[in-house]
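So the structure is just underneath, and the comments pick up after that.
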Amino acid sequence: MLTAIDYLTKKGWKISSDPRTYDGYPKNYGYRNYHENGINYDEFCGGYHRAFDVYSNETNDVPAVTSGTVIEANDYGNFGGTFVIRDANDNDWIYGHLQRGSMRFVVGDKVNQGDIIGLQGNSNYYDNPMSVHLHLQLRPKDAKKDEKSQVCSGLAMEKYDITNLNAKQDKSKNGSVKELKHIYSNHIKGNKITAPKPSIQGVVIHNDYGSMTPSQYLPWLYARENNGTHVNGWASVYANRNEVLWYHPTDYVEWHCGNQWANANLIGFEVCESYPGRISDKLFLENEEATLKVAADVMKSYGLPVNRNTVRLHNEFFGTSCPHRSWDLHVGKGEPYTTTNINKMKDYFIKRIKHYYDGGKLEVSKAATIKQSDVKQEVKKQEAKQIVKATDWKQNKDGIWYKAEHASFTVTAPEGIITRYKGPWTGHPQAGVLQKGQTIKYDEVQKFDGHVWVSWETFEGETVYMPVRTWDAKTGKVGKLWGEIK
């Protein structure tokens with residue numbers, strides 16, 4: 001007989017927590033009730049720890065103790081970095097506390113006994129302090145499906161023979177089912193930017209009109225918070241074919257639609273890298289599919305149906321081209337924003353969301369994992385890029401005077417101020433209306449068309465222009481400001 005513990009100890013692993021040494025063994029299997037520094041590490045399972053803790057001082061490489069199929073590979077699972085392999089007997093081997101980002105396989109992959117599945121670590125659900133080690137647990141195939149049973153059930157692996165659970169697996173199709181890398185900002189567990197939403201009534205599928213990946217968005221968004229430009233907009237979720245950034249809790253108000261009701265009741269999902277020419281249409285569609293899969297998971301978690309009332313577009317609430325690239329591909333380039341076309345776009349999103357809502361798997365090409373640099377350093381770089389220094393006025397070829405200026409503007413005009421796309425001219429298409437009391441952060445000032453204007457870039461990459469007072473080009477005299485500048 002060969003047990004998993006025998007297998008690991010022969011490789012030099014040492015046991016740090018052994019159920020055979022707990023009080024009441026074997027009758028009261030796994031009752032440990034371990035406390036340290038005021039923390040009960042077994043509280044969730046009622047004091048039980050039906051698992052072995054082992055560690056190695058020689059290597060962090062964690063080998064699979066049996067062959068099988070990966071059914072979970074989650075950086076933020078119930079045991080922190082959580083990896084689960086189902087063996088030939090249909091029982092599940094749980095490898096817990098792995099280093100986040102270290103897992104070598106994705107859900108659906110085949111694994112052979114001895115394959116390195118990840119790295120020994122100390123991650124955990126609550127981010128409590130703990131020593132580096134491996135939590136190894138054998139969940140029975142007949143465990144109930146509720147969370148507590150899935151987390152707390154455990155067979156006595158010291159009595160479980162793995163001698164014949166080492167059959168070679170066909171790994172030729174590994175990687176065909178995509179498991180996205182999840183990135184979490186400090187706001188998920190820490191401080192929040194806004195208040196809780198009064199209700200969750202649906203989702204909005206955006207295109208970011210940018211070229212950044214989700215991991216690149218995180219330092220960029222932090223930098224905007226630091227310099228105050230985050231008030232110009234952000235969404236809760238950013239996704240592409242490789243990664244998902246959970247920037248802010250989905251049940252908190254977002255600034256993603258330029259519409260008070262939509263911001264307070266709808267969850268924003270950004271399809272990343274949508275800037276024309278940044279990536280091929282094929283790769284963009286993979287980004288779109290990944291985003292719709294995440295949207296389906298979130299909608300299902302809130303018990304939302306999938307229909308035209310719950311799947312919405314940005315251009316339903318604000319004068320914008322968003323979702324511009326999805327629109328070009330599924331409705332047609334240059335097609336007008338009519339009700340018929342809006343419904344055509346929504347119906348496409350609905351069809352794909354339903355596919356994932358009903359259990360469809362995400363299948364995309366295997367792309368290289370994007371390496372994340374130190375976020376603090378990236379924040380500093382992004383802040384440096386976003387700082388705008390005051391300069392003297394310059395004039396461009398169209399006769400527009402402009403200069404860089406970094407400040408905030410709060411509207412005081414009772415009727416609000418109409419904003420424009422394309423440039424500082426009242427004849428350009430209307431972008432929207434900034435209402436009394438609303439504030440934006442701008443980075444440039446222009447003088448043209450009888451007005452002084454300010455402009456800023458939205459979180460979707462579009463520049464918006466707004467007149468803030470009158471201006472006489474002949475005398476240089478300016479009128480009363482229609483708001484407050486700080």
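One is the number of the first residue shown, and numbering goes on along the chain from there.
Backbone N, Cα and C atoms are what each Cβ position is placed from, and that goes for glycine too.
Quantities reported herein were computed from a predicted structural model and do not represent experimental measurements.
Now, the feature entries from Swiss-Prot:
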DISULFID  Cys45-Cys152  disulfide bond
BINDING   His49, Asp53, His135  Zn(2+) 1 binding site
REGION    67-247  region '14 X 13 AA tandem repeats of A-E-V-E-T-S-K-[AP]-P-V-E-N-T'
REPEAT    80-92  repeat '2'
REPEAT    96-108  repeat '3'
REPEAT    109-122  repeat '4'
REPEAT    123-135  repeat '5'
REPEAT    136-148  repeat '6'
REPEAT    162-174  repeat '8'
REPEAT    175-187  repeat '9'
REPEAT    188-200  repeat '10'
DOMAIN    199-324  domain 'N-acetylmuramoyl-L-alanine amidase'
REPEAT    201-208  repeat '11'
BINDING   His206, His314, Cys322  Zn(2+) 2 binding site
REPEAT    209-221  repeat '12'
REPEAT    222-234  repeat '13'
REPEAT    235-247  repeat '14'
DOMAIN    406-474  domain 'SH3b'
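For His49 (Zn(2+) 1 binding site), the same-chain residues that are 6 or more apart in sequence and have a Cβ closer than 8 Å to its Cβ are Ser17, Pro19, Tyr22, Gly30, Tyr31, Arg32, Tyr34, Tyr41, Asp42. The stretches the repeat '5' (123-135) and the repeat '11' (201-208) are not in mutual contact, being linked by fewer than three Cβ pairs under 8 Å (pairs 6 or more apart in sequence).
With a 10 A radius on its CB, His135 (Zn(2+) 1 binding site) counts 20 other CB atoms from all the protein chains. Apart from His49, Asp53, His135, the Zn(2+) 1 site neighbourhood in this chain, defined by C-beta within 8 angstroms of the site C-beta centre, holds Ser17, Ala51, Phe52, Gly96, His133, Leu136, Gln137. A straight line from the CA of His314 (Zn(2+) 2 binding site) to the CA of Cys45 (disulfide bond) spans 44 Å. Averaged across the repeat '6' (136-148), pLDDT in this predicted model comes to 93. Long-range contacts of the repeat '4' (109-122) within its own chain (CB-CB distance under 8 A, at least 6 residues past either end) are made by residues 55-56, 59-70, 80-81, 83, 85, 95, 97-100, 102-103, 129-134, 162, 165-166, 168-171, 173-175, 177.
Taking only the Cα positions, the spacing between His135 (Zn(2+) 1 binding site) and Cys152 (disulfide bond) is 12 angstrom. Most Cβ pairs under 8 Å to the repeat '2' (80-92), among the stretches 136-148, 162-174, 201-208, 209-221, belong to 136-148. If you draw a 10 Å sphere around the CB of Cys322 (Zn(2+) 2 binding site), it holds 27 other CB atoms from the protein chains shown. Using a 10 Å Cα-Cα cut-off around Asp53 (Zn(2+) 1 binding site), the recorded positions Cys45, Cys152, Cys322 reduce to an empty set. Cα of Cys45 (disulfide bond) to Cα of Cys322 (Zn(2+) 2 binding site): a distance of 47 Å. Note: the CA-CA distance between Cys322 (Zn(2+) 2 binding site) and Cys152 (disulfide bond) rounds to 46 Å. Highest Cβ count within 10 Å among the binding-site residues His206, His314: His206. Counted within 10 Å of its Cβ, the other Cβ atoms near Cys45 (disulfide bond) come to 20, all protein chains included. Cys152 (disulfide bond) sits 39 Å from His206 (Zn(2+) 2 binding site), counting Cα to Cα.
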